[in-house]
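According to Swiss-Prot, the features are:
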type    : residues         : note
BINDING : C120, C123, C211 : [4Fe-4S] cluster binding site
MOTIF   : 45-50            : motif 'PP-loop motif'
Amino acid sequence: MLEELNAKEKYSFNKLQKRLRRNVGQAIADFNMIEEGDKVMVCLSGGKDSFAMLDILMSLKASAPIHFDLVAVNLDQKQPGFPEHVLPEYLTTLGIDFKIVEEDTYAIVKEKVPEGKTTCALCSRLRRGILYRTAQELGCTKIALGHHRDDILETLFLNMFYGGKLKSMPPKLVSDDGKNVVIRPLAYCKEKDLVRYAEVKAFPIIPCNLCGSQENLQRQAIKQMMQEWDRRFPGRLETMFTAIQDVIPSHLLDHKLFDFKSINRDSGIIDGGDKAFDPPELPKAPLLDIDEMDMLDVIEVR
């Protein structure tokens, strides 16, 4: 599709491509996601996000100041209608190391989950276990997942509204089995950017609902809420994402994170003190993602 773009569309896509590369590079640097000598297992589901993650990581690898290896891994869960040929053919054309793991988790899920109920939770747990095992077999030091900024915010709201926790998706963590380090290189990337990137790149997308299951109602409601906010209040999601990167425990209520009991008159003013009755200090404009590429000359996309 790239060759079908006109000059204006190519300019726009060039900005998008640079923005996504910058976002991924910044996340990797901020959280020390990839280090010298790492072997990164890139989990490829066949969706837009994992395709984009692989594409961007391959691009960054070519110019990175450190050496690391990539291996793409797809789990064929034997869902009815899964096009087995698509990913091997695509990955072969890229010239990247890859492995297709075949495990009939679909049969297990259909046996365990009542008809009409969402299978996503059990399917996800089974998939994680297989991927963790595969990472060990391949000698991988990091496992890269394709969750993006919107996934992180959705999870934050799900935990707040339905779980009573201020908790989201970490950009980097130790896996459930304690043997793997999991990273999310797309943590700073907007979903709408990834959608457009996948469209232009014409990735061979495989639907994620071949099993017939759908997201649970709570996640659907959160997604719709965020889409409405983004439409009606431009910049709100950007501001909220900035907020979870600037947490002040002394101004929350979790005594496990801050020692409120020890505070006395000699403690001094902590983190600005109590400004509850002061006029709110709000920015004059939303914290929009201003792209410095707007100020540069047009660069031809080849």
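Cβ from N, Cα, C; glycine included.
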Item to check | Mean per-residue pLDDT computed across the motif 'PP-loop motif' (45-50) | outcome: 94
Checklist entry - Taking the Cβ of C120 ([4Fe-4S] cluster binding site) as the centre, how many other Cβ atoms fall within a 10 Å radius? => result 18
Next on the checklist: Using DSSP and collapsing to three states, where does C120 ([4Fe-4S] cluster binding site) fall: helix, strand or coil?
Outcome noted: helix
